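Working notes for the structure below.
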């Protein structure tokens, strides 16, 4: 009978049976053995070197080598992505023999050295090219400055030579010497040369203070130009002449980025001004370049800079071509090399979990393996031994008292439901798996809150679209939100199907009633005679009343459409959905308690069955099972008794049933009996199990104490028999030893008994908390299922508001534009509010009902998942990241 109730023929019903095995692997082919085991991915290795750090393990050097190669591969991946070079996707299985780890290490070292050198040369050349480009722009713009100054001087017919410093910006002076025909002469010359201040124009007492004007030219970021000019004016107290011109985006030599820049030339007098202006240029990040004053030298420098730019550009193109070829060569095998390094690192990490014997010739490993997978593991070990022509590895089972890991064989359909369960906690080893029932109950409870034929159709279509494009999306890198939807595609599809079913029961299509299963069962009765010719809406005007036609029975399936739009629609639907929620909740909680019985039977815990399962079933069903029976009976008989009144006075006045609360004969006695049984179930849950466990622990402690004294007596006898002293001294010694042993043994027994007492006190408190939690939870959990009613009502009313107040209001307006706008608003509200927000709300509430109200009746959830060493799992994890 227990086997029949256990449902052990269902794959997901209980986790796979696990076995702890020991592997003795020869050190020579340890790498190949672990690699073969990683291919099948069915062993979870235990770390036998937890007391050693990562640097003290046997294969620490190999792991460091793999880390270094992984760093180099990441470096090349960044360079390849920066160069926009496509990386072909290649499988490691097709290129396993193409390169070994040692060869790959040397290849990567040489390639990295070459790439680093190329990058350094490229950066250096690019910086020089940027500087030459800025200098070329400077010479071009400065030439325009000087040419405009010469044209202005010639046009004004000035006699003084040079460009003349304008004093409006804090000018250096007024007109400077020279003739109009000699405007290309230096700005300031000597006293007698052509182009300097003449002796007549400059008094002799100022001649020692006259010197040549200096200039600083360069490029600066356009956004910093106003502040730069202001600071120059203040630092030189206006004694400068500043010209600037925007040149657009220029590659900055320091950062290598395109920056909006401007060319500037500032003229000044004196070395102190030169020092100040130089420091200001450094502070603002301005790049300074030499600028000759003579036009001939400017033209010669421009020509030289242009030639060097051409050569530099050619050199850069050649370097970029060589660098691109190197990166393309690496990109061709980048995926293969990355997979190889990742696999090798995983292998050496696993080898570091193994212990090494004193001869360092054998590695000892311990691993958890599903019992059904042992033949595959042994076959893989034999294949490695035959290919290496060496002694094979030894696989032998171990006896362990540790809790094994939990492993469920899931597929792409059941995996999402298993993930919903394990989000609460991983199942304890071999306990009942709630996912078996969650596959049906989760989408059904969601549909109870979301039931609508139109909304269910939209969700079903979305789920079908995800399923049709399943293979295409599996190959793409999805974002977090859409990846979550894709992972739950089967859950969405089932939620849509169940919403269609509940929409048929509620008889709603976007809140509109339907007549899919015939006409309403209600008709117009005039003077007690059915008159089908009168419209039900005009029945009251004809002096009749609308009531159910008993000859034809109720509406065939779902809610009768006549309730829609009436004044009694909301009270009727509220009453129906609230009672339905209670029935579903009590059935769901009873299922959870029955699952605890199956766990108790499997683990042979008869005490929990008697002291937990039986009183829990009695308590829950004597109160809320009775309420559920009253609901069903009221529906079947058509009674109008208020069930609130019945349940309230069942507690306030037990044994008394007034006329307002009467339902059947013998109701008062049954209610008193149910109350007494429910109250008796509370101490039944609270006391017997802790007392029985205390008796068992005390008996075990006495057995341990007797065994301890027997061991000490045996040890004392050995000491007495081995004594070489006199009999008297030996007897005294023996007696003393016995007495000491007895005292020690008594002390040890008292200590163990104290531990037992403390342990039982803790367990008693836990049982008390568990009992109180169940008693209070029976009420709160039942009330919690009323969220099914509340969410269903909210969904229906929101849908009705959007339909009546938005869509139908636009249709009744008669305006085509209003109809288009109304339909657009209705579609946005339906998709945004109902299909997204309401569906998410219903999903979270269904999740809570399963986690809190259902699973806490039997599900421990304190296990840990089976995490085997698998190359495929590592590959999927890296692909997802």
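Just so you know, glycine gets a Cβ as well, placed from its N, Cα and C.
Automatic prediction, not curation, is the source of TrEMBL annotations.
Looking at 798-822, 823-847, the range tied to transmembrane segment in TrEMBL is 823-847.
Record note: among 471-488, 489-506, 507-524, 489-506 is the stretch given as transmembrane segment by TrEMBL.
Spatially, the transmembrane segment (580-598) is adjacent to the transmembrane segment (444-468); three or more Cβ-Cβ distances between them are under 8 Å for residues at least 6 apart in sequence. A contact links the transmembrane segment (660-687) to the transmembrane segment (618-640), because at least 3 Cβ pairs that are 6 or more residues apart lie under 8 A. Over the coiled coil (94-128), the average per-residue pLDDT in this prediction is 86.
Beyond the ends of the transmembrane segment (489-506), by six or more residues, the same chain brings 412-413, 416-417, 420, 439, 442-444, 446-448, 450-464, 466-467, 470, 516, 557-559, 792, 796, 839, 843 to within a C-beta distance below 8 angstroms of the stretch.
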